[in-house]
């Protein structure tokens, strides 16, 4: 197996859904199914924060979500937990700046997908040099889902990455909705990652379809 190509990674980032059990008011398995039917291109399991599952329950829940992703042929990424990603034989892992270092993550993950959250050009260059397949850049807009976020960058912050010669695939993160998706793509992102825009939508299916349309219209 070899590392994923830039072109393939770029396509996968189009509509990137992130979810844990505590991000939904409905059955999360049903929400994921609807999102997959609607056209998400990649999924990240992020079980964090108040009311999050732990231990065996967390592992069982991850396996259920992974099985659904497999049915649809959509990559299943684990947030921040390299050991869990390896245990599940997940398609990849996404790490932040305060998590395990990228060099050790790449070593453990082999050729699987590795994404890194970055907030500065320096962080981006370090991640690229040490084996990141894509960058998560943000928060682009204010968000209430993550309590530990850095300062809002706006689409200008994202455009700055491209202006500074960062050519690796980028997914915009933070406060992204159907209404502002186009501006994120126009600023240079390959895709958008969302939590509540899908997980709390009245219809996860309809919301996903609209996000897919917005992204393909803006690319």
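Just so it is clear, glycine is given a Cβ too, placed from its N, Cα and C backbone atoms.
Bear in mind that the values here come from a model prediction, so they are computed numbers and not experimental data.
Feature annotations, courtesy of Swiss-Prot:
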| type | residues | note |
| --- | --- | --- |
| BINDING | 44, 45, 46, 47, 48, 79, 117, 146 | 4-amino-2-methyl-5-(diphosphooxymethyl)pyrimidine binding site |
| BINDING | 80, 99 | Mg(2+) binding site |
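For the binding-site residues 47, 80, 99, counting C-beta atoms within 10 A of each C-beta gives the highest total at 47. Looking at residue 44 (4-amino-2-methyl-5-(diphosphooxymethyl)pyrimidine binding site) and residue 99 (Mg(2+) binding site), their Cα atoms lie 16 Å from each other. In this view, the densest Cβ surroundings among the binding-site residues 46, 48 belong to 46, judged by other Cβ atoms lying within 10 Å. Under DSSP, residue 117 (4-amino-2-methyl-5-(diphosphooxymethyl)pyrimidine binding site) is assigned to a strand (E or B) in the three-state scheme.
Residue 99 (Mg(2+) binding site) has 117 as its nearest neighbour among the binding-site residues 45, 48, 117, going by CA to CA distance.
All protein chains considered, the CB of residue 117 (4-amino-2-methyl-5-(diphosphooxymethyl)pyrimidine binding site) has 25 other CB atoms within 10 Å.
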